[in-house]
Structure formats: C-alpha cells, structure tokens
Amino acid sequence: MAAVSPPTRCQALVTFEDVAVTFTDDEWKRLVPVQRALYKAVMLENYESIISLGLPVPRPDVILQFKRRGEPWIRGFHGSEEKTWPESVSLDLETKPETLDASRGTLREIHRKQSSLCPKREIQTLTGGPEPEKESPKARTCKKPLSLDKGLHQMSAPSKKALTKHQDQECSECGKTFFDHSSLIRHQRTHTGEKPYDCPECGKAFSHRSSLSRHLMFHTGESPYECDACGKAFFDRSSLTVHQRIHTGEKPFKCNDCGKAFFDRSSLTRHQRIHTGESPYECQQCGKAFSQKSILTRHLLTHTGRKPYECRDCGKAFYGVTSLNRHQKVHTEEPRYQCSECGKAFFDRSSLTQHQKIHTGDKPYECGECGKAFSQRCRLTRHQRVHTGEKPFECSVCGKEFSSKSSIIQHQRRYAKQGIDRGGSMS
C-alpha cells in the first residue's frame, strides 16, 4: 500500500513556524539560564521530530542560531530561507517506524512542553497563523496537553514498506540494525560511553538530547505529567504510565519461567536474573558480583564501613534506605502481620512469609555444591561460604576474619568485656 501524501494546505511546505513558540524581548529576559537551555533543547527536539516525518521542512534561522551556539531569535524568524535540511547533517532523532505512526502525539507534545516556559506567548497552529492561547477543558494548566487533533488528523507517516528498505545501518559492535544513521550513532554511544549533551546547571552529561530535556525539568521544578487518580506528578510520560498501573493493577510483563508478573520491563529483567544466575555488576574491591546495581552500591558500603542511613529515634545506622524504613516501624507502629501458627507478629509481609517456611518445611533455596536446602536465601548464602572459604567479616581489633556476622559479633563481645571498643582503643 502506497504511503499517503501529506495534507496539501495548497501543497505548501510544513514550516518550523507551524509548531514554534516565540518570545518578546522582555519575556526572554525573564527566563533564567536553565529555562533557556530547556527551551533550546525542546526546540531542537521538536524540529527534529518534524524532520522524522520525512517531509521537506525548511531550516529556520532559529535552528541555525542554536547550531552555532548563539542566542535564539526572539520574535519571528526574520525571513528564513525555504531550504531543506542537508542529508549530510546527522540529526539526533529518536526515530523508529512505530514512533512515526504516532506523529500526532509527538506534535501535540511540542505544544505541551513549550507551554511551561512562559505564561504569555503566541502559539502557532497547524491550521493557520498565530492565535492567542485559549483556556479549554484540555488546556487548563500547563500539565495538560493541548488538543491539536483538528490540524493533525490528516497527517500521516511514511509506510513501513518504504522504511524497511533503509534498514541497512548495522552496529559493528553487536550487529544490531537501525533504520537511519542517526539512530545508529545514538546506539553506538552505549558502547563508547559518549555523552555529548551537558546540563548547563550542574554539568551532568547525557547520551541523548531527550534525556537532557527530561533532566532539566529537575532544575526548573516542572513535572508536566500528572496522575488523574492521585495527583502525583512525573517528569516523563513513561514514568506516569508505569505509576498508573499501580491504580489499575495491570502487570503486562510476565516471566516465562515462573509466571510472575511486573509493572515494568526493568523489574522483569531484574527478576529474570534469578533464573539465569546472571550477575553483571561486579565489585572491583573483592570481585563479588550482583544481579542488581543497587545491591552492588549497598555492598560497596561494607568496604568503607559507612552506613549513611541513620535512625533519628535511636541513632542506629544502616547501609540501605529500605533497611532503615523497616527498622523505623519499630518506633512508629505495631507489627501488623501475625503468624496463624504461632502468633508471632512481623512488621512486613515478606518477613512473615519467610517465617512461615519454618512451619511448612518449605526450603526452596538449594546449594548447588552439596544439595542442602534452606528456607531463606541469606542462610544459603551463609552456607555457601563453607564451600568457597569466603570470610567477609573482619575484626577491626585483631584482624581475624569470619564467615558470618553473628560469629564476629560473638567474637567482639570478648573485647567489650575487657573494655576495648571495636576501634581497638580502651574505653
């Protein structure tokens, strides 16, 4: 099926002005540097989104100014020449066939993103010239996207058949193929580690312009995506989509091995490492590997001895915030989860589940070396040190090493009785 040609509008070119937001000189002066940087990033991203539709869009003066690292033109574009973007210029486009099909949503987002920069502005529509912004049910706040369906309903993307013949951009590192050269360049940054987009506020670097745009919202305080159910706001649409599944209960990502379902793909990926045994995050200090980056981060603290999360009530410190939150329930609330067998109560469901295995005799964690099974993963980990000879707990007084924390605590009690603290000094 042949691709449908773009809407005629007297066969005129779709210009950048059709989706541009302009500022007066006074409005521009009121923007702080980080807002100007966000405006620049969004304008470039918007222009490239239109280019991705495959239409011969002229290159306006405002884009030329940005490319030269200059200030943007303030009101209007002062007679931009109608010339197409040269094919030799590499654009940083997030373009896939499926996203081309969603071009209407992309152009609607152009107006939504720009609406947060300045309260007074002109909005160029796709159906005519400049018109003042009107408050409608779909545009009451800057957090709601404007409805531009009327001017967009005729616009169509090139057919997939026309696009597939261009899928000849292959990564030399991993063999993955892409539909355009710019997508290949962006992908290759995952191998090279290149991050060409710097935040002017804090200096943090990013590999994608869209990631920089999202990050800049942290500095401006903008959270444009709001949950209708609870009012919580997010910096990007994907985070809002994942959050809304908490309210709907939808878990579209299912594990093929055990059938467990998850709200997002990243949680499924982390879970699947339990089945595959993959541990991609390795400690450079001791060589120990972990399935999740957060676990490695927490593990690194055991080498420094630093426990950054301290309880305000009793002063006890912890390596992770989840451990602190679990501990603080001791001070603030009663244990809610009670064992029906023995009456013992717990603060969280996972602790109760672990405890109930004592009564059921369930031992799902089996040692690969000797076949011995355990009811808890931590007990299996402790047991495996018998085979590996690992002794990660070292006494700060005498240097003796132990395979379990309980053993070193028992050992250090001897020094406590002698009046020697854990640092080795007399109290």
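Every residue gets a Cβ built from N, Cα and C, even glycine.
Of the given residue ranges 54-76, 100-122, 146-168, 169-191, Swiss-Prot assigns the label zinc finger to 169-191.
For the zinc finger (253-275), the partner stretch with the highest count of Cβ pairs under 8 angstroms, out of 281-303, 309-331, 393-415, is 281-303. Sequence-distant contacts of the zinc finger (309-331), counting only residues of its own chain at least 6 positions beyond either end whose CB sits under 8 Å from a CB of the stretch, comprise 298, 301-302, 347-348.
With a threshold of 8 Å between CB atoms, the same-chain residues lying at least 6 positions outside the zinc finger (281-303) that come near it are 270, 273-274, 319-320, 392.
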